[in-house]
Amino acid sequence: MSNKHPTLTMTYAERATHATHPLTNYLFRLMDLKASNLCLSADVQTARELLYLADKVGPSIVVLKTHYDLISGWDYNPQTGTGAKLAALARKHGFLIFEDRKFVDIGKTVQMQYTAGTARIIEWAHITNANIDAGKDMVRAMAEAAQRWKDRINYEVKTSVSVGTPVSEGFDESGDRLDPREQLNGTHAQANRDRDGDGRKGSIVSVTTVTQSFEPADSPRLSKSMAEGDDVLYPGIEEAPMDRGLLLLAQMSSKGCLMTKDYTQACVEAARENKSFVMGFVSQQALNTEPDDHFIHMTPGCKLPPPGEEENGAGLEGDGLGQQYNTPAKLINICGTDIVIVGRGILSAGDPPSEAERCDRQRPCTNCISRNRQDTCTYSPSSSKSPASPPAKRSMSENGGNTDAAAQRMPIMPAKVVNFGYSQTGASTLGFLQRIESASSNHQESSASPMSRLPGQQNEGGDHFTMRERYKSLIRQLPEKTFIDRLVDVFFVEINWQYYGLDRDVFDRQMAEWHALPFKLLNAGGPQALPPDLRAFPGLLFQVLAIALLVLPCGNTGSPTEHARKNGDPDFQKLKYARDMTFEDLAVDYSESGMAILSLLGKRQMSVTTVLAGFLRASFLKYVALVTEAWHAIGSTIRDAQEIGLHRDSLDPKPSDPDDAGAVLENQWEIQRRRKLWMILVGWDVHTGAVLGRPTTINYTFGGPNHQPSLPIDAPIPKCRSKTPVTTREEDGPPTPLTRALWAYQIMCPLRDILELEKEGPCPKDFSKVDQLHQRLLELEAQTPPYFRLENPDMRFDELPGCYWIPYVRATLPQLMAFNLMALHRPYIFTRRKSRTEALKASLDMLHSQRLHFQSLKPQQYKTFSLFFGTFDAIVLMAAIFVLFPKEHRDLVQSALQHFTWAVERFEAMSDRNKLAKAALGVLQAIYVRLKKTLGISCSSAKAMLLNSAPTTTTGSSYGGGNSPFSFADPPSTAAVMGDSFLNNLANGGGGGGGMGGSSDGGGGNGGGGEAGGAFELGDWNLPGNFNWANLQPIYATSDLIYNDLVGNPDHLSSNDGDNTATMSMGNNNNDMSGTQQQQSQLPWQFAGDFGSDSVWNLLNQFTP
């Protein structure tokens, strides 16, 4: 079955044809007719308010949700009461009534609650709902009650007897005005119509027996003459069927809701068993999974976020009483809901009818646009009682503007809404929510921000002038074209292949269009005169230039200038405007200018260019060690991508001219570009979450465990997109950067399952899931394409001009696989010996790949984030295993110490350029002291061991780096002395033995013994009998360094601390370790930071060398 259920891409009319319930069929047709999917939650307290809202807002909604038990003054009269009046209004304005009763009881009781009592809900409410905590039989009981109620329609037999002796004056001799009852019995006593001269007609006895359809006397349908105009039905659709429907309460929007996945699945099963009665669900997401599932979904908790918070990544606040809110963009575009339930936003508005009006009165309407059905839109402006929206003004054409025609057709959106990034092509519910946010009786148009109008629509007054001048001032900061061209070349050769977010031909075309813009257009129209893609292009260009500056040779020694002269390059030093300015300082300026442009344009009419600029901003932040900011930036960029529909195939663009082959091919390549960008964002999201221990932005559990975005086709890079079809690259052909991106994505996909598995804690019920996932990773590693293999690679393509990047990849891709294995086993290293073994091996593999990666880089590339986190996470994980379990894996000690020393060498070489590496050095020193103390290794023994190992790291090797056309001269290597420098810092540390000794598997100790020859004098670090290893949190070393300010004391050890041993007392429940942070700060080589008592750092602090 496809990951995306067919109902998510059907129109409402198509959904109606597949509906399994008569009311569902009617409701979808009503939604299609009214271009609405809004349910008003009428949570008012008086019957007068309820009827007023139903009458005024009814034309704009498809469902009215009631709580009759909230209503004061509810009239229970079956013919003229509140229920009857609501039913009459529902017929008049075209909506269904949904009584939010939430039935839950034994079957017999629920039947009586539904059909009898004072309210007699079944008589006036088309739909109700139930909680199935009482069991599935309750649903069957309600279905039987509804069927019995409906069966009463066709069984009544009426017999009437009429007796009368009317006078002749009251009788029409011609018979033209016979009583209707006489027409049914036209043969009655015709012969007796005249009697002998007594002037009277004969007595009439009429007996009529009719079997007819009827509704009970107390049915609201029999009270149509009750209200004036009630006999008029909503035009365009018949009266709702007499069937009654049920919604199962499958999920709620309240905080701490106890409805589990098993409960939700039980609701789905109950619905499938009672399709003739169950219409669908009240849920937070679409629950249709089987091909024949055609249930409808209604979702409460829909609200716009406050202004400005969405861009900052903040979530919507609840009401303080448990209610939680979601944005309409998420509910409609991501969760797949059919009907959104909105209450307070409409009820609290000054003009509820205006706020509830959703359709933008355009053709095609936003409802059809959101479902990618523009060509089949059946909305007719003449069918609406509301006047059509005025056409958008033409923009800047008198000034030579070249605005996007599609942009001119789009409706004006309020200022407080557009900057949230809500879709211009979203479902029309967004329209009414946008009106709620900005519509006010005294709203002043002049108070809107510059982007409150359409881009391309001329603003009046100072707002337009301010925006135009701000935009011009920002683009003036771009360097001259000579520098731009060279820095763009540097970016595409040195950086772009790593993720392949940008396509060179598309970028060059946009840059040519940008440079060709006439000054008159920018000076008069500003950014609003430009198409969305071109409008955001300078924001993307600034990010490209900023990243390229980071990989230029650093320093102010003049060597880059000399190099530039030799190679005919521009002198980039001229770009600096201060004497002591660095290229990184200039790069920060450029990146901030790019973000200022995106901020100025706002979150509306965004394009792929906007998303690419956001992605490169996140890349830049990560490259300069602003990892927290990068995490927030990538989350915001993903939301922008969802806003323009990158996550949904149904929102793929259509060719501008379907009959033009060139336009069709261009459109196909554009679809591939969109899918590639979404794939990159998904990979970043899950990998960043796994590295930092932070939540992912995308909900990977929605749609099932196999839910994946559509991937791009691994096609050769086209020379002309309008003449080249999208075809798969030949297997024996040269790989492209997209080939590498696709394989990297395949490697990162298991991280989703790893993160889900981690939620089960350090002691899952069954470790077989861990082993199965481990085996899956090994099988995936075995499938590595030959040209990407680190061992025995296929090097046929290495010398091709377009494949210069392949040697670099061979050192980086294995790091992704090694990290997967580390992430898989790190939650269990304290509770499972096998996981310690696999985590240790993966850490050593990571360090090996990191060393090769480091050798392939030039010094100006030492800022690379992966070069830091891979080493630091692996070192900490490896050291923690050896320190806490020193009797295990003794055959790997020598290799571990060698990689530890090499890692320190790399960090010392990187420290001048990489802030994270510099910050981590103190932590590594504190770890090393504990490592050699635990293993009983003296400083001289460690030196001897390392001297007999492989040679030390050297920089500027020919490992893949020599083929780059941007090879700058490397400074003399200093790595040869770094290992000695580090060990000399520890020379006075002593070599006494100490360690925890043993294993934690099953709580028992089964650690190894001492090694022959006395090279490792293992001691014991005794633990309390009630110590619980499961209380320790998984190790997120990089996250602790970044978020928790983890540091190690940089002072050297005193000479008399080598014989110190450590004892500790930790409880079974909370691992409350002895010693306070104040005491720790006074001890040498303590780890300091904002970490908890259940952290491994606090545990290591108890072992004081």
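A Cβ is built for glycine as well, from the same backbone N, Cα and C atoms used for every other residue.
Database features (TrEMBL):
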| type | residues | note |
| --- | --- | --- |
| DOMAIN | 37-359 | domain 'Orotidine 5'-phosphate decarboxylase' |
| BINDING | D43, K65 | substrate binding site |
| ACT_SITE | D100 | active site, for OMPdecase activity |
| ACT_SITE | K102 | active site, for OMPdecase activity |
| ACT_SITE | D105 | active site, for OMPdecase activity |
| REGION | 165-202 | region 'Disordered' |
| COMPBIAS | 191-201 | compositional bias 'Basic and acidic residues' |
| REGION | 371-405 | region 'Disordered' |
| COMPBIAS | 380-394 | compositional bias 'Low complexity' |
| COMPBIAS | 438-449 | compositional bias 'Low complexity' |
| REGION | 438-463 | region 'Disordered' |
| DOMAIN | 630-718 | domain 'Xylanolytic transcriptional activator regulatory' |
| TRANSMEM | 865-885 | transmembrane segment |
| REGION | 1054-1079 | region 'Disordered' |
Cα-Cα, K65 (substrate binding site) versus K102 (active site, for OMPdecase activity), nearest Å, comes out at 12
Whole-number Å distance separating the Cα atoms of D105 (active site, for OMPdecase activity) and D43 (substrate binding site) is 24
Fewest C-beta neighbours within 10 angstroms among the recorded positions D43, D100 belongs to D43
Same-chain residues at least 6 apart in sequence with Cβ under 8 Å of the Cβ of K102 (active site, for OMPdecase activity), in sequence order, are N129, A130, N131, L249
Most Cβ neighbours within 10 Å, among the recorded positions K65, D105, goes to K65
Simplified DSSP label at K65 (substrate binding site) comes out strand
Mean per-residue pLDDT in the domain 'Xylanolytic transcriptional activator regulatory' (630-718) works out to 88
DSSP puts the residues of the domain 'Xylanolytic transcriptional activator regulatory' (630-718) at 49 helix, 0 strand, 40 coil
According to DSSP, K102 (active site, for OMPdecase activity) sits in strand
D100 (active site, for OMPdecase activity) sits from D43 (substrate binding site) (Cα to Cα, rounded, in Å) at a distance of 10
